[in-house]
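Visitor: The structure that follows is given in the form of structure tokens.
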Amino acid sequence: MVNGVVASSERMMTPELMVTGEAVALEVLPASPGARILSGLIDYALYGMGLAITLITAAVVGDRIVDNPSEALVVMLFSLAVLGWLVGVPLAVEVLSRGRSAGRMVTGSRIVRDDGGAVRLRHSLVRVLVGVLEIWLLAGVPAVAACVVTRRGKRLGDLLAGTYAVRDRNGSGDAPPILMPPELAAWAADADLRALPGHLALVVRTFLQRASSMQPQARARLATQLAAQAEPYVAPPPPPHTHPERFLAAMLAARRDREFMLELRDRRLEDEARSTLQTPPHEVAAPTGTPSR
């Protein structure tokens, strides 16, 4: 069963626990507001220092290379530096590290999706863009307030992106990937998984990542409990006599693969839209040679 205090207010940050008869607990605990504030101070202090060093260096080097630079050039270089350190660098760090950063490494936390999966480019982009407003322009006041009043300690960027910070002392992001059991591939291809709650998917993912370190009896019992909770949200149900743990693996593998295919489709549509915008209208002929005189 899933244990935890159901808070009537988002002010209560409670872990989501799955406890077996042998007292083996799978805890999915959001990072505390204090940890999030500390990690944010570290990260944004580094970004601010980088921006300051970049601007000072550009000013010193620019005076030696260009005499009396134009105001437009100064504004352009300043804008590029600000955009790079406020958007580009944080976005690259979060995407390449899969939700980590210097501050989160210090506090032992990681940004994940609401269902526990790794964040993707679109999640990080939303978080970073909203962060420019709530952290840089408004001095972090909305971010701190949102972290305190929401149950999972989310800031505004997390609420819009569908992400939150979890404790990650053991480096769960380095766990082996979940593989599709071959005998369930055909069933998973047609199964409807849209009703599966995000918190249950997160607990299942945590169980599968830690299953190899559990006692056999506790592992089997917990797999059975999780499968019983997940089956009502899946249609059609898995084939009769399916092993509970393999059912859970097939369910999450199919969910992950579908998200990946949706992301590929979105990228393809973006590329097609970009190429369409770059193509001149049919009334305008592309230049084919030297015009006649």
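Cβ atoms are placed via backbone N, Cα and C, with glycine included.
TrEMBL entries are annotated by machine, without manual review.
For reference, TrEMBL lists these features for the protein:
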type: DOMAIN; residues: 31-162; note: domain 'RDD'
type: TRANSMEM; residues: 44-61; note: transmembrane segment
type: TRANSMEM; residues: 73-93; note: transmembrane segment
type: TRANSMEM; residues: 128-149; note: transmembrane segment
type: REGION; residues: 271-293; note: region 'Disordered'
Visitor: Going along the chain, which residues at least six beyond the ends of the transmembrane segment (44-61) come within the CB cut-off of under 8 Å?
Guide: 77-78, 81-82, 84-86, 89-90, 102-103, 135-136, 140
Visitor: Using a Cβ-Cβ cut-off of under 8 Å, list the residues of the same chain that are 6+ residues beyond the ends of the transmembrane segment (128-149) and lie near it.
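Guide: Same-chain contacts beyond the ends: 10-11, 33, 36-37, 40, 44, 86-87, 90-91, 94, 155-161.
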Visitor: Averaged over the whole of the domain 'RDD' (31-162), what is the pLDDT?
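Guide: Across the residues of the domain 'RDD' (31-162) the model's pLDDT averages 91 on the 0 to 100 scale.
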